[in-house]
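K.L.:
What follows is a structure written as structure tokens; I'll ask about it next.
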Amino acid sequence: MEEDLFQLKQLPVVKFRRTGESSRSDEDGISGGHEVHIEGVRTELEPVELGDGAAVPKEFANPTDDTFMVEDAVEAIGFGKFQWKLSVITGLAWASNAMEMMILSILAPQLHCEWRLPSWKVALLTSVVFVGMMSSSTLWGNISDQYGRKTGLKISVLWTLYYGILSGFAPIYSWILVLRGLVGFGIGGVPQSVTLYAEFLPMKARAKCILLIEVFWALGTVFEVLLAVVVMPTLGWRWLLILSALPLLLFAVLCFWLPESARYDVLSGNQEKALATLKRIATENGAPMPLGKLVVSRQEDRGKMRDLFTPHFRWTTLLLWFIWFSNAFSYYGLVLLTTEFFQAGDVCSISSRRQEVKAKCSLTCEYLTEEDYTDLLWTTLSEFPGVLVTLWIIDRIGRKKTMALSFLVFSFCSLLLFLCVGRNVLTVLLFIARAFISGGFQAAYVYTPEVYPTATRALGLGTCSGMARVGALITPFIAQVMLESSVYLTLLVYSGCCLLAALASCFLPIETKGRGLQESSHKEWGQEMVGRGSHSPG
């Protein structure tokens with residue numbers, strides 16, 4: 001061993017030098033007198049001079065057989081111009097999604113009056129959208145893992161755009177019911193934009209950037225309400241449906257600028273395309289690419305449901321499903337409860353008001369007034385402070401604790417509603433609850449793409465989104481039907497669900513704070529970011 005080390009010390013050190021630099025290093029002066037002769041190998045090397053800014057020749061670019069993974073390249077390139085463009089495009093998809101969801105609260109009372117629909121048909125018009133989203137979320141995740149994130153996203157956006165515009169021409173109730181269900185089927189694929197977005201973000205910026213997508217959601221809902229104020233009195237609900245789909249058209253055009261995820265390309269064996277994508281990002285950001293060969297740890301099958309239930313991810317998957325279910329169940333439930341509470345004035349007036357409502361005809365309707373639109377705007381604006389609070393704490397206390405805290409605050413505010421508080425205190429409690437549950441929702445959007453490996457990331461996010469739609473589908477029966485029987489039992493259901501979700505957040509086995517995205521499910525979690533600096537022991 002000592003002889004081998006002595007011989008290694010005698011090897012000359014070869015370095016590239018730029019034009020104008022000394023042709024010999026200090027180490028060359030010490031060990032340059034030693035020569036190693038190997039039979040069949042030419043030992044006389046010609047010096048290679050590189051001009052300023054010149055790239056290392058391909059045949060010399062990897063003299064020590066260094067390798068790097070996509071995670072290393074993304075971290076080396078950093079956050080720059082490319083990520084800013086991607087943020088705006090992803091935010092546009094999120095705002096379009098929010099507009100299609102917000103239109104439900106505007107369209108339902110309008111059709112209730114114009115077509116004289118009974119209450120159960122109005123409720124079904126909302127539920128069918130969530131049925132479409134629930135049934136398609138896993139499918140879009142599977143498509144994104146099998147055929148690429150960009151492919152799945154483009155198909156879902158074009159699908160939503162097509163049927164969203166057709167909804168404006170629906171002649172009768174059955175037609176609009178089917179068409180809005182198909183719109184919901186397409187909306188189920190929009191969350192895959194977060195998967196594509198997260199895979200291009202460096203570790204330090206990932207949580208903040210994904211959280212800021214919530215700002216675009218809030219902007220989308222505000223824009224939809226303002227659009228309704230202008231369009232509904234003059235052009236009617238059909239034009240509102242058509243105009244609300246136009247942001248999707250803009251996103252569909254911009255989709256052609258989007259590159260495919262480099263992580264997906266590497267995993268699917270297309271290293272050349274992935275390398276070209278990374279070079280394009282590095283050029284736009286004005287950052288250098290790491291030297292070496294782009295590699296993937298292991299080729300894997302993609303988009304397999306069984307991979308979500310391997311021993312390493314089984315508990316994570318089940319707990320995340322319940323967390324996403326609780327998030328949507330509580331978020332959309334609170335939106336429905338807010339309208340009910342504001343119309344009654346306070347919680348204690350709900351029971352007496354319900355008795356009066358039962359005496360009325362089920363076809364009695366009221367068009368949305370300017371005051372109703374104002375309430376919708378205030379409810380939406382309450383999400384902005386939630387984003388700011390979550391943004392401030394998520395990298396300080398971690399993803400798991402952030403979700404747990406959001407659920408606990410929501411549960412606490414729900415319990416305080418048991419008191420017969422006045423209108424002002426009621427507004428404060430509802431807005432605090434709305435702020436934290438929306439922030440917790442975004443924390444889940446940060447955590448889920450981080451915890452799953454590239455092979456199942458889109459599928460994992462898709463199944464979680466599907467469970468969220470189950471919660472959204474069930475919550476009208478609690479926030480509207482059960483509320484007629486007992487307001488306190490309704491509040492207890494939401495509070496208890498969020499307490500259980502807070503416990504589920506604490507029991508998640510993996511904390512992703514400060515970790516890179518996992519490339520392979522066959523490695524210990526976070527191994528890509530541990531021990532990458534050296535290739536030998538010591």
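Counting starts with 1 at the first residue shown.
Including glycine, each Cβ sits where the backbone N, Cα and C put it.
Below are the features listed in TrEMBL for this protein:
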DOMAIN    86-513  domain 'Major facilitator superfamily (MFS) profile'
REGION    519-538  region 'Disordered'
TRANSMEM  86-108  transmembrane segment
TRANSMEM  120-143  transmembrane segment
TRANSMEM  155-176  transmembrane segment
TRANSMEM  210-231  transmembrane segment
TRANSMEM  237-258  transmembrane segment
TRANSMEM  312-332  transmembrane segment
TRANSMEM  402-419  transmembrane segment
TRANSMEM  425-447  transmembrane segment
TRANSMEM  459-479  transmembrane segment
TRANSMEM  491-510  transmembrane segment
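I'd like these features described in context: how deep, what's nearby, how far apart.
P.N.:
Per-residue pLDDT, averaged across the domain 'Major facilitator superfamily (MFS) profile' (86-513), gives 81.
Long-range contacts of the transmembrane segment (120-143) within its own chain (CB-CB distance under 8 A, at least 6 residues past either end) are made by residues 101, 104, 107-109, 111-112, 151-152, 155-156, 173, 176-177, 180-189, 191-192, 303, 305, 458-463, 465-466, 469-470, 472-473, 476, 480.
Only residues 6 or more beyond the boundaries of the transmembrane segment (155-176), in the same chain, are considered here, and those with a CB under 8 A from a CB of the stretch are 93, 96, 100, 111, 115, 117, 121, 125, 136, 140, 143, 182-183, 185-190, 192, 238-242, 244-245, 248-249, 251-252, 255.
Away from its own ends, the transmembrane segment (312-332) comes close to residues 403, 407, 410, 434, 437-438, 440-441, 444, 447-448, 451-452, 456, 460, 463-465, 467-472, 474-476, 478-479, 494, 497-498, 500-501, 504-505, 507-510, 521, 525 of its chain (Cβ-Cβ under 8 Å, at least six residues beyond either end).
Proximity of distant same-chain residues to the transmembrane segment (402-419), defined by a Cβ-Cβ separation under 8 Å and at least 6 residues beyond the stretch ends, is recorded for 323, 326, 330, 334, 347, 390, 393-394, 426, 429-430, 432-433, 436-437, 439-440, 443-444, 447, 488, 491, 494-496, 498-499, 501-503, 505-506.
Residues 191, 194, 206-207, 210-211, 213-214, 320, 323-324, 327-328, 330-331, 334-335, 337-338, 341, 346-347, 378-379, 382-387, 389-390, 394, 399-400, 402-403, 405-407, 409-410, 413-414, 416-417, 464, 498, 508, 512 of the same chain lie 6 or more positions beyond the ends of the transmembrane segment (425-447) yet place their CB under 8 Å from a CB of it.
Counting only same-chain residues 6+ beyond the ends of the transmembrane segment (459-479), those with a CB under 8 A from a CB of the stretch are 123, 126-127, 130-131, 133-142, 144-145, 188, 191-192, 194-195, 303-305, 307-308, 317, 320-322, 324-333, 336-337, 340, 444, 448-449, 451-452, 490, 493-494.
Under 8 Å from some Cβ of the transmembrane segment (491-510) lie the Cβ atoms of residues 315-316, 319-320, 322-323, 326-327, 329-330, 333-334, 347, 400-401, 403-405, 407-408, 410-411, 414-415, 417-418, 437, 447, 451, 478, 482, 525, all in the same chain and six or more residues away from its ends.
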